[in-house]
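Taken verbatim from TrEMBL:
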TRANSMEM  43-63  transmembrane segment
DOMAIN    79-126  domain 'NADH-Ubiquinone oxidoreductase (complex I) chain 5 N-terminal'
TRANSMEM  83-111  transmembrane segment
TRANSMEM  123-143  transmembrane segment
DOMAIN    143-443  domain 'NADH:quinone oxidoreductase/Mrp antiporter transmembrane'
TRANSMEM  149-170  transmembrane segment
TRANSMEM  182-202  transmembrane segment
TRANSMEM  222-241  transmembrane segment
TRANSMEM  262-283  transmembrane segment
TRANSMEM  295-313  transmembrane segment
TRANSMEM  547-568  transmembrane segment
TRANSMEM  603-625  transmembrane segment
TRANSMEM  719-739  transmembrane segment
Amino acid sequence: MAVELSNKSACITPPCPLVASCLTGSLSSLFPKATRSLRRWCAAFNIFSLVVAMFVSFVLFWRQTATHSIQQYLWARIPRSDFRLKIGLIIDPLTLVMSILVTTVGLPVMVYSDSYMCHDQGYARFHAYLSLFVASMLGLVLSPNMIQIYVFWELVGMCSYLPIGFWFARSSAANACQKASVTNRIGDFGLLLGLLGIYWITGSFDTYELCDRFVELTSSGVVNPIFANTIALLLFIGPIAKSAQFPLHVWLPDATEGPTPISAPIHAATMVAAGIFFIARIFELISTLPLATSTISWVGGVTTLSGATLALAQKDLKRGLAYSTMSQLGYMVLAPGIGASQSALFHLITHAYSKASLSLGSGSVIHSMEKVVGYSPSRSQNIFLMGGLRRCMPITGITFPPGTLSLCGIPPLACFRSKDQIIAESWLNSPYLGLIASSTAGLTAFYTSRIYLLTFEGDFRANQINYIESHISLPSEYVIHSWGGDQLDLLTRRTSSNFASPDVEREEFAEVANFATVPIPKRDRSYERTIQSYPEPKLLHPQESNFCMALPLTILAIPTLLGGLIGVDSTREGYGPNFLFDWLISIPSFSEVNRNFGKLSEVLISSIPSLSLSLIGLSISFKVYGQFGKISGARGNGKLREGGVVNTFLVPAGNWSMNRGYIDYFYKIYFVQSVISIGKLISHFDQWIIDGLINVTGASNLSGGESIRHTKSGRISQYLFGLIIGTILLPQLVVDFPIPPLP
């Protein structure tokens, strides 16, 4: 009975953050001045509510280790009808693991946001959005039926719309949240059609019941295979949009327009994780349909590769991490398509902590950069204006590499084992999928290490670029190429026509430009004499974030470092449906690692193929960007040697990445413009045909009334004249048109 009561206590996990969100939002809207003065108390209340939800999730998780049971608690919503809907909650390993993931990621993000958003006028509103986001995801994972899942699915989508458009006065943020909403509506409509189709087949919305009935009916041949695959693919359209799969991925990079702390739950534990969770929940249903599973695996494979290629040359820090999320989500969708749903869930968990650490680390960097380069996202998020931040921000510089190396698949960090399992299963299923998964591992190592090197290594470049721009009226993209190559020689050639004495002043200009990009300790006295007429501005450098922002980074670094050891003993065969649950509760201690050293060595040896590709990607990135920012100031020659190879051989890839794969242009031309054209056509049809008919009818009635009004003048002479005319004409009309006799 104690276990039953404790399991029922899971029903308080979604209401805790929900009540906090409603109270905070109500106070913020009804009493804005009082809320601003008590905003720290509002934040503390939201944090406390999430702590309660996390505590309940952990208690139920440990109780589940002893029972290994699946329990449902349902209440009849429509008791007296043929259609009976029951709402409630389900307690199973997948639910508890996801609830722990959501709360343990959401809590550091909320603590982090307390400091990150402290100067914003919408401080309380942001915490209300964040709590509502967490409550929606908790309600989704605890839902026992498809109707309840769909309600919370829509609520999660709304909660992504609100934070993305948090700074709605900025046009880019308003457009981004609308783009996310419209894109997800496409997926939600497909999901709704799939739910109606599955109810038509099985007559039930209960998750376990409909999966069992669907498998039974399809295996016995009662359901047409084409119709069954269509229903499964309609259900899959929802996760395609929610988890940013190709071709409905276009909303995810623009979601970075919201405040940086919201990127962690969107990219890690809530928004994009909802699609993967839904696939895992209905995996038994889709696993019996070869066409559906093949389609799912190829969608995941294409998303994995395209996300990696789109991240190659991004200069926006948050956008590069967004495309990284897209690529890793492709792995998670690829895995269920080839029958490795447990590996997909394991990669979802390991990636969540790694990406949350990177997202909050990027927020720490951006928060510090804003004080140096201003609050424009094009400058504060530009990795080519960064560099050398490891020395300025030691805590952020220490916690960022574990997340980077984890995504690269370096053992024993979090993602190494989960990614290696998916790659191995891909090769067993299809050599083409295996090639895609393996090549993406190398690309991932390249672009993630590129982000780290350009952000934290080398010398701080913002002051150098500012110095050039203070004397040369050209934007920074003319000074630093987005791939890392220096274009000072091009800049010199473009401006040489402005000099009155080309031979003398061109040389002076080149020396000034080169001096500005040389680190201060390496400047030569001759250069100082050359630019005496150009006073050097005061140099500013970023500083480490405060304790409330540094503490969540440190906490999230712990599972990022140790999470990969969870799956060390995963090579055993014959695991059942609770294998992931057993996996997560068997984190070995150091003594167990020593006893199982042989198995650990076997796992590491099996990881050598994918690890070698990751090391190749790391090596290329270090070769190209390892010395970026440490420019040798040769007189009159400011060209960076490292950028030559990249600019020569990878220009098409760079253009593909910087133009976002031209997919947005395609949508704008063929879909957006088509919808606008159709809308204009309908508007003209409504204006000239429908409104025209109504207007013509009204004008006819008006003119007829006016003409009749003039005939009714009230003069008796006119009435007598009309009577005489009628008397004369009436007999003639009777003769011409005789009236037939009555029967």
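Including glycine, each Cβ sits where the backbone N, Cα and C put it.
Through the fold, the transmembrane segment (262-283) approaches residues 94, 98, 101-102, 105-106, 108-109, 112, 126, 129-130, 133-134, 136-137, 140-141, 149, 153, 156-157, 159-160, 163-164, 166, 207, 211, 235-236, 238-245, 252, 255-256, 296, 318, 321-322, 325, 329, 332-333, 336, 341, 344-345, 348, 351-353, 355-356, 359-360, 362-363 of its own chain, all at least 6 residues removed from its boundaries and within a Cβ separation under 8 Å. Between the transmembrane segment (83-111) and the transmembrane segment (222-241) there are fewer than 3 Cβ pairs closer than 8 Å, counting only pairs 6 or more residues apart in sequence, which means the two stretches are not in contact. Residues 10-11, 13-18, 20-22, 24-25, 27-28, 35-36, 39, 42-43, 46, 49-50, 53, 89-90, 94-95, 98-99, 102-103, 106, 109-110, 113, 117, 149, 151-153, 155-156, 158-160, 162-163, 166, 259, 261-262, 265, 269-271, 273-274, 277 of the same chain, all 6+ positions outside the transmembrane segment (123-143), place their C-beta atoms under 8 angstroms from a C-beta of that stretch. Here the transmembrane segment (222-241) lies next to the transmembrane segment (182-202) in space: the count of CB pairs under 8 Å, restricted to residues six or more apart, reaches at least 3. According to DSSP, the secondary structure content of the domain 'NADH-Ubiquinone oxidoreductase (complex I) chain 5 N-terminal' (79-126) in residues is 28 helix, 6 strand, 14 coil.
Confidence for the domain 'NADH-Ubiquinone oxidoreductase (complex I) chain 5 N-terminal' (79-126), expressed as mean pLDDT, is 86.
Long-range contacts of the transmembrane segment (43-63) within the same chain, counting only residues at least 6 positions beyond its ends with a Cβ under 8 Å from a Cβ of the stretch, are 3, 6-7, 9-10, 12-14, 16-17, 19-21, 23-24, 91, 96-97, 99-100, 103-104, 106-107, 110-111, 113-114, 123-124, 127-128, 130-131, 134, 138, 585.
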